[in-house]
Amino acid sequence: LRAGRVWAGSGQWGKGTERHKLTVVLMLATLISAFGSSFQYGYNVAVINSPSQFIQQFYNTTYVERYGGPMEDSFLTLLWSLSVSMFPLGGLFGSLMVAPLVNKLGRKGTLLFNNIFSVVPAVMMGVSEIAESYEIIIVARIIVGICAGLSSNVVPMYLGELSPKNLRGAIGVVPQLFITIGILSAQVLGISSILGNNTGWPLMLGLTGIPALVELLLLPFFPESPRYMLIQRGDDKTARRALQRLRGWEDVDREMDEMRLEHQSEQAEGRLSVLNLLSLRSLRWQLISIVAMNMGQQLSGINAIYYYADSIYSSAGVPESDIQYVTVGTGAVNVFMTITAVFIVEAAGRRLLLLIGFGICCVSCALLTVALTFQESTEWMPYVSIACVIVYVVGHAVGPSTIPYVVTTEMFRQSSRPAAFMVAGSIHWLSNFTVGLVFPFMESGLGSNSFIIFCFICLATLFYIWLIVPETKNKTFLEISQMFADRNQVEIQVGNAPLKPETGDGREGDAFKVTAF
């Protein structure tokens, strides 16, 4: 043990691996940014579900007071659909803002700026009943969606750049953990005896501003991404001070050299736009992979599972008044399994968790289709349906929900990472919006057979990951680029000389080409 660093390996010179410990500064930066930003994403996904009947009553009452007659059912359905669907639409807009903001303001700066898109809609939704305006809620849902779109991309990017390579996976899962905690918090507060009632829903919607205020107060005391400061801003001193605070010791020359080497290897690229990213051969399979994983994540049926959950619980004999507690229990399972992923991702690896997760989701969707088909004719089949829902949530939490964000950070280097997150985030939110738009029609036309489609999507994503996506744990960003170089059929050199990898003792080893343009 040396000043907080653990050296593990064979004991031979040049064969060891430097393993960093989690410092207080890194831990607090992780928790504050994840609570202040990622938590809000999860909270606003679920906050509107439990009090939906009371919010719709407010819409109708407001309409009657304005126009002297009740609102037509079709118009109420339209307003409610807008209230729900404006959130993922705002998420898409937020994703499109990622690259310009993180390049201009930095990662931490963007997170602080993003809180505008949380505090303002929180106030709007909190006063909507007093203002007697349902339009305020719909507009606020778009704005808070922008907040979610930015945070879902910028937090993993920020934490991935703060973390040492041996902790990058575990820390990269923390944002998803806080998303699930946000969902669970909304489910708990949505219990009818707490805030999910006729008087509590405005406060429930407005509470989303509290995490934003906490982040605004505390995050300024923590470092900006050292990689951003060194590679994009050219500020060597600030980057070194940030690394020293994050690692807990003075000697950070090795990581600084690795960042300089990365900077040299991508100087020919400059700062990549999305169009540049789409045209670069050296990033082709990385780009295809993040598109496949983000589409698989959202099109795998997770939203449909939650849509069906209440009716599945009801058919199994759960009293109507108790379904809200079972829903909270499902949310708790989701949180627990995401916590598990935090602790196993570095040991098991990203690729294995993705394969296991999509495999579990695939099997669960197939069995759920069978169980829902025979649910009315077989007495014990509703319990199989409940088991399928819980097993599906477990599988999704372990892999599809958590790992794509980690891998997106790892597959791209500094110049291409903002544009990559912009693409990944846009695919994520477009897929989310598509499922919300299309699934009601699928459900009315296909019924329980809808899950067969999700089963095949999970299977296709699983095969893609099996064939294409490499394991990225405990690798530097440059090493991961090299793993894709052969598949992309490219080669790169740093300046006029080939890049030489570290041997584990800070020295250079045999020359190898890392990437190509």
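Glycine residues also receive a Cβ, built from the backbone N, Cα and C atoms like all the rest.
Quick caveat, the model's predicted, so the values are computed rather than measured.
Per TrEMBL, the features are:
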- 30-473: domain 'Major facilitator superfamily (MFS) profile' (DOMAIN)
- 22-43: transmembrane segment (TRANSMEM)
- 78-99: transmembrane segment (TRANSMEM)
- 111-130: transmembrane segment (TRANSMEM)
- 136-159: transmembrane segment (TRANSMEM)
- 171-195: transmembrane segment (TRANSMEM)
- 201-222: transmembrane segment (TRANSMEM)
- 287-308: transmembrane segment (TRANSMEM)
- 323-345: transmembrane segment (TRANSMEM)
- 352-374: transmembrane segment (TRANSMEM)
- 380-407: transmembrane segment (TRANSMEM)
- 419-439: transmembrane segment (TRANSMEM)
- 451-469: transmembrane segment (TRANSMEM)
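Beyond the transmembrane segment (323-345), the same-chain residues lying 6 or more positions past its ends with a Cβ under 8 Å from any Cβ of the stretch are 46, 50, 169-170, 172-174, 176-177, 180-181, 183-184, 187-188, 190-192, 196, 309-310, 313-314, 353, 389-390, 393-394, 397-399, 401-403, 406, 473. Cβ atoms under 8 Å from those of the transmembrane segment (419-439) belong to residues 84-85, 88-89, 91-92, 94-96, 98-99, 102, 149, 152-154, 156-157, 272-274, 276-278, 283, 286-287, 290-291, 294-295, 297-299, 303-304, 307, 404, 408, 411-412, 450 of the same chain, restricted to positions at least 6 beyond its ends. The transmembrane segment (451-469) makes contact with the transmembrane segment (287-308): 3 or more of their CB pairs lie within 8 A, with pairs spaced 6 or more apart in sequence. Of the recorded ranges 78-99, 201-222, 287-308, 352-374, 380-407, the transmembrane segment (22-43) has the largest number of C-beta contacts under 8 angstroms with 201-222. In this chain, the transmembrane segment (111-130) lies in contact with the transmembrane segment (201-222); the count of Cβ pairs under 8 Å, excluding pairs fewer than 6 apart in sequence, is at least 3. The stretch with the most CB contacts under 8 Å to the transmembrane segment (171-195), chosen from 78-99, 111-130, 136-159, 380-407, is 380-407. A Cβ distance under 8 Å defines the sequence-distant neighbours of the transmembrane segment (111-130), meaning residues of its chain 6+ beyond its ends; these are 33, 36-37, 40, 58, 94, 101, 105, 136-137, 139-141, 143-144, 146-147, 150-151, 154-155, 158, 202-203, 205-213, 215-216, 219-220. When pLDDT is averaged over the domain 'Major facilitator superfamily (MFS) profile' (30-473), the result is 90. Sequence-distant contacts of the transmembrane segment (352-374) (same chain, six or more residues past either end, CB-CB distance under 8 Å): 293, 296, 300-301, 305, 308, 312, 341, 344-345, 381-382, 384-385, 388-389, 391-392, 394-404, 407, 447-449, 451-452, 454-455, 458-459, 461-462, 465-466, 469, 471.
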